[in-house]
C-alpha cells in the first residue's frame with residue numbers, strides 16, 4: 001500500500017484513493033459520515049489557528065512547512081547513517097552482542113570497570129607467551145585461563161577490596177565480564193598469520209624462526225571461546241617508563257654540561273675514554289692478526305688454524321674466547337658431527353636390540369634354533385614432540 005505523498009509534491013490518484021479510504025474508515029469508527037468528520041477537523045484546525053493568531057490558510061501553510069522540514073531532516077539523517085556505515089573500515093573489530101547482533105568496537109575512553117579488570121588479570125598467572133603484532137612484541141594469553149581466573153576465589157576476594165571489579169551474576173556471567181576488555185580495546189582476539197600473506201611472493205631467503213614465537217594479526221570478529229587467543233594492548237601504569245625517561249634526560253643534561261664538570265672528573269673521563277679506545281684498537285688488531293694467521297696456515301697446515309675460533313660466533317662474551325685456538329671445520333663436517341651426536345643413542349639402542357638373543361618361543365635341535373612363533377623385531381622410532 002502506498003503511503004502519504006512527501007511534502008511539497010502533488011498526490012497521485014492512488015494516494016488520493018488511499019487517503020479517502022482512510023478518512024472513510026476513521027469516520028465509520030467514530031459513527032460519522034466523511035463530510036461530518038472533515039467539518040469537525042476543519043473546526044479543530046480553525047481553533048488552533050485562532051490560538052496561534054493566524055488565519056486558516058496561514059496555519060495550513062505553516063503545517064505544510066513543518067512537515068516538509070521534518071521530511072528533509074529524516075532524509076539527511078538516513079543519508080548520514082548510510083555514509084557512516086560505508087566509511088566504517090573493514091578491519092574494525094566487532095563484538096557479538098547478547099542478542100547476536102554485531103557491536104562495532106570504537107576507540108574512546110576505556111570503561112573504569114574494564115581498567116580494573118585488566119589491571120587485576122595482568123597480575124594473575126595466565127601463562128602468557130610472547131608474540132609479534134605489527135612488528136612489536138606483545139603478551140598473548142588464552143581465553144580459558146582468564147575465565148578461570150575470573151571464576152576463582154581470588155577474584156571474589158579482590159572484588160571485596162575493589163568495587164570497580166564487576167560482579168558475576170546470572171545477568172552478567174564471566175563471559176560478559178570478559179567482553180569489557182575488547183570493548184575498551186584493552187585486549188583483542190588474534191590469530192596466527194604469515195608475514196608474507198597477501199604479498200604474492202615467497203620470502204627471498206629463509207628466515208630464522210624462534211620456536212613458539214607467533215606472528216599474529218587482529219581478528220575482525222571478537223568472539224569468546226576457551227581455545228581462542230587474546231593479546232594484551234593494556235600496558236599498565238607507565239611510571240617505570242616515565243622514570244626511565246627522566247633518567248635519560250638527566251644523563252643527557254649531565255653530558256651536555258661536561259665543560260662545567262670539575263677538572264678531576266674531566267681528567268678521569270679522558271683516561272676512561274682512552275682505555276676504551278685502546279680496547280677497541282686491540283680487538284681490531286687481534287681480528288686482523290687471526291685472519292693473517294689463518295691465511296698463512298691454510299696453505300702450510302691445511303685446513304687452517306684459527307685463533308679464538310668462536311670470536312664472531314653467536315655465543316656469550318666469555319665463550320667467545322674459548323677455546324684459544326682451533327682448526328677450520330667445513331659446514332658438512334659440522335653437520336655430520338651434529339648428526340653423530342644426535343644419532344648415537346639410536347644406533348646403540350638398535351645394536352643392543354639386535355644382539356639380544358630371542359629365548360622365548362624357541363627350540364634348539366642339532367645346534368639349530370627354530371622359532372615356534374614369529375615375532376616382529378622391535379624398532380626404535382622417533383616421536384615428535386607435541
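Every residue, even glycine, has its Cβ placed from backbone N, Cα and C.
Record features (TrEMBL):
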REGION    1-46  region 'Disordered'
COMPBIAS  1-10  compositional bias 'Pro residues'
COMPBIAS  11-26  compositional bias 'Low complexity'
COMPBIAS  35-46  compositional bias 'Low complexity'
REGION    68-111  region 'Disordered'
COMPBIAS  73-102  compositional bias 'Low complexity'
TRANSMEM  243-263  transmembrane segment
TRANSMEM  269-293  transmembrane segment
REGION    333-386  region 'Disordered'
COMPBIAS  357-369  compositional bias 'Polar residues'
What is the three-state DSSP composition of the compositional bias 'Low complexity' (11-26), stated as helix, strand and coil residue counts?
14 helix, 0 strand, 2 coil
The compositional bias 'Low complexity' (35-46) - residue tally per DSSP class, helix then strand then coil:
12 helix, 0 strand, 0 coil
